[in-house]
Amino acid sequence: MWGLARVAWNLRQARRFSSVISGPYIVQKRGTDILHDPWFNKDTAFPLTERDRLGLRGLLPPRVISFERQYDRFMDSYRSLENNTRNEHPNVVSLAKWRILNRLHDRNETLYYRVLIDNIKDFAPVIYTPTVGLVCQNYGGLFRRPRGMYFSAKDKGEMKSMIYNWPSKQVDLIVLTDGSRILGLGDLGVQGIGIPIGKLDMYVAAAGINPQRILPVMLDVGTTTQNYLGLRQPRLEGDEYLSIVDEFMEAAFSRWPKAVVQFEDFQMKWAFETLQRYRKRFCMFNDDVQGTAGVALAGLLGAVRAQGRPLDDFLHQKIVVVGAGSAGLGVLSTAKHAVLRMLRNCKNVTAHNQFWLLDKNGLVTKDRADLDPAAAPFARGSGPGEVEGLSEGASLLEVVKKVKPHVLLGLSGVGGIFDEQVLKAMRESDSPRPAIFAMSNPTMNAECTAADAFKYAGENIVFASGSPFDDVEFGNGQVGHVNQANNMYLFPGIGLGALLSGARIISDGMLQAAAGCLASYITDDEIERGIIFPLSPGVIRHITTHVGAAVVQAAVAEELAEGHGDMSSKELADLSKEETVDYVAKNMWYPVYSPLVHEK
Ligand SMILES: NC(=O)C1=CN([C@@H]2O[C@H](COP(=O)(O)OP(=O)(O)OC[C@H]3O[C@@H](n4cnc5c(N)ncnc54)[C@H](O)[C@@H]3O)[C@@H](O)[C@H]2O)C=CC1
Ligand SMILES: CC(=O)C(=O)O
Ligand SMILES: [Mg+2]
């Protein structure tokens, strides 16, 4: 059903977009100011009439080049860069690709987002993980033009006025980081700004958020590692830290009360603390805790289907999670809630702890001296239901050998921790089709490579990684499919749905609706082939449209929706499921050159 619907939707969208003439846009600028503004710049594509209207005549070579021609030229230069750098070190190639895309981003956003949307499978690894990690590590040297806003500990007391320095009248989506846990790369301080930029690029590409209404934000509260663009001071802690985040949140919502704020890549203690502090007050969510959890849950349910089992067999799956941080604990808590919901409908199954959690000190048990309260619900005990011989701090290999899990899921940030022995032990899994999810980013931090997973754990596994790997060829004409288990499948739809419903807050029900929608998206045929998260041009927008609609409907059902633009809460409530999908699709921005009109 979904397969055909997707094709039909893509065709409809293609027709809709090819005939779109949006705008006109009113601009307060003329002449070179327009050419230097990436929101409005069309380079050589300004029609002659517009050149006259905007004082551009003579500032550009006389021939007008079409959007399509500009697009082809960019793609030609991108492809020649690929050819010319074939023998270079992969990092050099990745950064060269990022630079060429970034230059376009800085110059002409319409063209940039069109090439990004049409080539999302090729370009997501450049503007998002893994290359964005390398970009953040080298941000000092790569910095050319500022993007987004920086609020530092030195701005205390000024933020409510500073927020007006942002040139856009309306902001819909803010992605905020303090740079304290950038992917699996640790504290990168102010250099972590690349992450909100990359996430918001995905918002534009996948959710059709207007790029004039996005705002990447860095809260610079110091860093444990010195870098020259940020504050050279130790990180603020305790109330001093929270007062900075409080002030930013109040400033942002006082100027844009209907904005949605996504917290990204905060170290665990602040990820949890800020989520509890703000989630009932502001329309916000934490992507690493909540977005990741929904994607992982969809993957875990996909793994059940891949075994040819009914969904409620999830209750019998043994799941080992490696990494007890914001992401790992978020996944476990969401999976546990899903179990409790299923148990309500399966009266003959009794609850038992089907999860094993490991951190840097090994298996987490109730015997741990300094047991983290957030990890405590998943700590193993002793007695009935426990696997004999597994005690506090047991190694990953011991746990996998003794538990024989259906799923091994890594969110540890430790590259290669699923080594040959661990992967070989997964061959003894109790599942006919074990699942291995190496979700840590970027690529060098993945718990294992795709090639090693299929080689050592077997060709029948379902494999997913946080950063992309190529599919693995087995040499017999068969391939092992590599899925990308990344929160990019959910955060754009969560943010979009929250925005278009005008939700006061983002509730658990809205997040569950998002995860449920993603889980049911995959067809049986795809599951059979080991595909649990599809990624091809067009598909991520299609997924996001449906996830966004599911979030809108959940917000309406919980009476959290206050309406958006001309759409009142009452009108939202009257929409059918199909009409909600249509409403979401119609509100997605798509890059086309709009006529520009100058107004003083
Ligand atoms: N694929 C995706 O969508 C997402 C992936 N991630 C990735 O997950 C990783 C972790 O993120 P957070 O949970 O926020 O980090 P975190 O720093 O809060 O947690 C890391 C956890 O890993 C544990 N750990 C460290 N060394 C270990 C070892 N040798 N064995 C077992 N556990 C070990 C730590 O004790 C800690 O519990 C990062 O690499 C991040 O990029 C995070 C969010 C989404
Ligand atoms: C994907 C993501 O959000 C992370 O690795 O932190
Ligand atoms: Mg993240």
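The backbone N, Cα and C atoms fix where each Cβ goes, glycine too.
As recorded in TrEMBL, the features of this protein are as follows:
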type: ACT_SITE; residues: Tyr128; note: active site, proton donor
type: ACT_SITE; residues: Lys199; note: active site, proton acceptor
type: BINDING; residues: Arg181, Asn441, Asn486; note: (S)-malate binding site
type: BINDING; residues: Glu264, Asp265, Asp288; note: divalent metal cation binding site
type: DOMAIN; residues: 105-279; note: domain 'Malic enzyme N-terminal'
type: DOMAIN; residues: 289-556; note: domain 'Malic enzyme NAD-binding'
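Known features from TrEMBL, placed on the structure.
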residue	record	Cβ neighbours (10 Å)
Tyr128	active site, proton donor	25
Arg181	(S)-malate binding site	25
Lys199	active site, proton acceptor	28
Glu264	divalent metal cation binding site	27
Asp265	divalent metal cation binding site	26
Asp288	divalent metal cation binding site	24
Asn441	(S)-malate binding site	24
Asn486	(S)-malate binding site	24
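Taking the Cα atom of each, Asn486 ((S)-malate binding site) and Asp265 (divalent metal cation binding site) are about 14 angstrom apart. Take the Cα of Tyr128 (active site, proton donor) and measure to each of the recorded positions Arg181, Lys199, Asp265, Asp288, Asn441: the nearest one is Lys199. Note: the Cα of Lys199 (active site, proton acceptor) and the Cα of Glu264 (divalent metal cation binding site) are spaced 9 Å from each other.
Candidate recorded positions: Tyr128, Arg181, Lys199, Asn441, Asn486. Not one of them has a Cβ under 6 Å from ligand 3.
In the three-state DSSP scheme, the residue listed as 'active site, proton acceptor' falls into the helix class. Residues from the recorded positions list (Tyr128, Lys199, Glu264, Asp265) with a C-beta closer than 6 Å to any atom of ligand 1: none. Ligand 2 lies within reach of none of the recorded positions Tyr128, Arg181, Lys199, judged by a C-beta closer than 6 angstroms to any of its atoms.
For the divalent metal cation site, the Cβ centre of Glu264, Asp265, Asp288 serves as reference, and the other residues of the chain with Cβ at most 8 Å from it are Thr177, Arg181, Ile195, Phe263, Phe266, Ala271, Asn286, Asp287, Ser326. Confidence for the domain 'Malic enzyme N-terminal' (105-279), expressed as mean pLDDT, is 94. In this structure, the CA atom of Arg181 ((S)-malate binding site) is 9 Å away from the CA atom of Glu264 (divalent metal cation binding site). Across the structure, Glu264 (divalent metal cation binding site) and Asn441 ((S)-malate binding site) are spaced 14 Å apart at their Cα atoms.
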